[in-house]
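Enquirer: Pasting in a structure now, in structure tokens, and then I'll have a few things to ask.
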């Protein structure tokens, strides 16, 4: 028995790199996918950069709401840049080899920017709550100093937990298969390749998801419950429509992002399909960041007016 265990142990080679399978299961479509994702990535960079530019230079948009939108647009650029360029390179080279260090680094930044997005969306919900429920105190409560503090807290609060989570996962031994059926190093597919018991790691993932996904989500729900209650008290239909239009874009983004993130990180492991997980990840890492600038610009009159003004100045 002892000799058998030694033989099995010697046959288990320690993994030094992973292979991201990406979309290799879709034959003869690598170039089409490369073209689609390249166009999407460039569109995300361009649209979010335009929002950042408009909210920075237009005097009308120097308010807390657009300060947070500025941060949100920059965060979206960072978020997609962690995954999409790597995916494009893999589609171009037809290789998905990634070292453990590069994989851990990618996972860290995906998680960090994901947590930052959850917290920033919560800060944006709080801003809308104060604006609609306490309009008289709004300039005092949401002064520039408070806005900066909320933005910084959104960017850095999750860093210690994300570092701990990443280190914990990559301290596990990886042996046997090194093929990750995904287009980036996400927690669920990487954990599936770990040797030994991953129960504590899965508990840590659930706890982190509860703290950084579910708690902010509940705070947003409470904020919007009070916002909707206050909007319904407004006597005029035009007043209700105007109040709701200021927060409808944010609400759409919240539903899309939190819906997909919750499915990914709170779904029980035995019920996770790798293919479905890959599609859901595409939604919150690529497609939703593509929709966000469209949602915020088309549903926001101030940004549309500012955009038309800039375009008219450029064309003259």
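Glycine too: its Cβ is placed from the backbone N, Cα and C atoms.
Because the structure is a prediction, the values reported are computed rather than measured.
Pasting the relevant annotations from TrEMBL:
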type: DOMAIN; residues: 47-296; note: domain 'G-protein coupled receptors family 1 profile'
type: TRANSMEM; residues: 31-54; note: transmembrane segment
type: TRANSMEM; residues: 66-88; note: transmembrane segment
type: TRANSMEM; residues: 108-126; note: transmembrane segment
type: TRANSMEM; residues: 146-163; note: transmembrane segment
type: TRANSMEM; residues: 203-222; note: transmembrane segment
type: TRANSMEM; residues: 243-267; note: transmembrane segment
type: TRANSMEM; residues: 279-298; note: transmembrane segment
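Context for these features, please: burial, neighbours, distances.
Expert: Sequence-distant neighbours of the transmembrane segment (31-54) (same chain, 6+ residues past either end, Cβ-Cβ under 8 Å): 23, 61, 69-70, 73-74, 76-77, 80, 84-85, 87-88, 91-92, 286-287, 289-290, 292-294, 296-297, 303, 306-307, 310.
Sequence-distant neighbours of the transmembrane segment (66-88) (same chain, 6+ residues past either end, Cβ-Cβ under 8 Å): 20, 22, 34, 37-38, 40-41, 44-45, 48-49, 51-52, 55-56, 98, 106, 109-110, 113-114, 116-117, 120-121, 123-124, 127, 144, 147, 150-151, 154-155, 183-184, 285-286, 289, 292-293, 296, 302.
Note on the transmembrane segment (146-163): residues 64, 67-68, 71, 75, 108, 111-112, 115-116, 119-120, 122-123, 126-127, 208, 211-212 of its chain, located 6 or more positions outside it, place their CB under 8 angstroms from a CB of the stretch.
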Enquirer: In the predicted model, what is the mean pLDDT computed over the domain 'G-protein coupled receptors family 1 profile' (47-296)?
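Expert: Per the prediction, mean pLDDT sits at 88 for the domain 'G-protein coupled receptors family 1 profile' (47-296).
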